[in-house]
């Protein structure tokens, strides 16, 4: 009898080991569209079983780093608390300023500061919301060293304290070159990680390998928040250098993110890339990615939760397949809209017998 109990205990232990998974959430850059990522997280929490959104690892680039910072202040199982916090963080931004002008205005920023705008108001916004919360899970913030043009990722673990450079790492990752001041850290001059990669999927895989031995046990959800279509303007020739710079940043954001995702599928063939979620509709009327007003935040909340629910309804990987198909069609000059392609896929799913639907 004793031997039988030992065998059963060993079998149960083996099953637990086999069942161990590492879940990661990779969040991209996207300027003022960070609220979209927060809304997607809310949508995932509201529509999936709790254990499926208990992320062990978070990675962020630019705006995604601010969300990574906020979510990493909660343990994987604290999903409701994390949901309420991240939603509240972005809901509060109209009461703050994400950035501000220097006392001497843009000229002071251009000639006497490291960036055109001052990011200190944004630090106040995030720090006020973060308070004395501590880090409770693995988090990585992607930056670029402007000196050596190299990708620098800053890793944190669940140390249950507040690392002194935790907030700085998030804002270094958010510092669009020339627009916002870079962050000096030792020999490095750190700027927005999106300069090289707009979503840091490799770090999600790398950090998950600290948790599990087999790539097949890694599950990654990814959110891109750049506009999938850029607002057309008739008088672009009248815009300033800064406006041209920001427009170029917005144009590259979405397509670079899709390229990063496509490359990761090839680099990590055994990883389970579960949901890639991107904005199915325009998130802002502005063609500049720095519009943090209430209208933009509300729009991000609406579209983000809808897209998360649709991705879950479609099933693992399908939303990402549609997004890749959309990009290919756009590149070929086809007049297509992502939300229409998503809706068509949903209709096709409804027509399938239940036994065939995913």
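Using the three backbone atoms N, Cα and C, a Cβ is placed for every residue, glycine included.
According to TrEMBL, the signal peptide annotation covers 1-19.
As annotated by TrEMBL, domain 'PNPLA' applies to 25-207. Mean pLDDT for the domain 'PNPLA' (25-207) in the predicted structure: 94.
Here TrEMBL flags 29-34 as motif 'GXGXXG'. For the motif 'GXGXXG' (29-34), same-chain residues at least 6 beyond its ends with a Cβ under 8 Å from one of its own Cβ atoms are 61-64, 66-67, 90, 98, 174, 176, 192-194, 198-199, 224-227, 246, 249-250, 253, 257, 279, 283-284, 289-292, 296, 300.
When the motif 'GXSXG' (60-64) is classified with DSSP, helix, strand and coil residues number 2 helix, 2 strand, 1 coil. Among the features that TrEMBL reports, motif 'GXSXG' is placed at 60-64.
Annotation source TrEMBL lists active site, nucleophile at 62. Taking the Cβ of residue 62 (active site, nucleophile) as centre and 10 Å as the limit, one finds 33 other Cβ atoms among all the protein chains shown.
Annotation source TrEMBL lists active site, proton acceptor at 192. When other Cβ atoms within 10 Å of the Cβ of residue 192 (active site, proton acceptor) are tallied across all protein chains shown, the result is 27.
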(request) Work out how many Å separate residue 62 (active site, nucleophile) and residue 192 (active site, proton acceptor) at their Cα atoms, rounded off. (result) 6
(message) So, three-state DSSP: helix, strand or coil for residue 192 (active site, proton acceptor)?
(response) strand
(message) Please count the residues of the motif 'GXGXXG' (29-34) that DSSP assigns to helix (H, G, I), strand (E, B) and coil.
(response) 4 helix, 0 strand, 2 coil
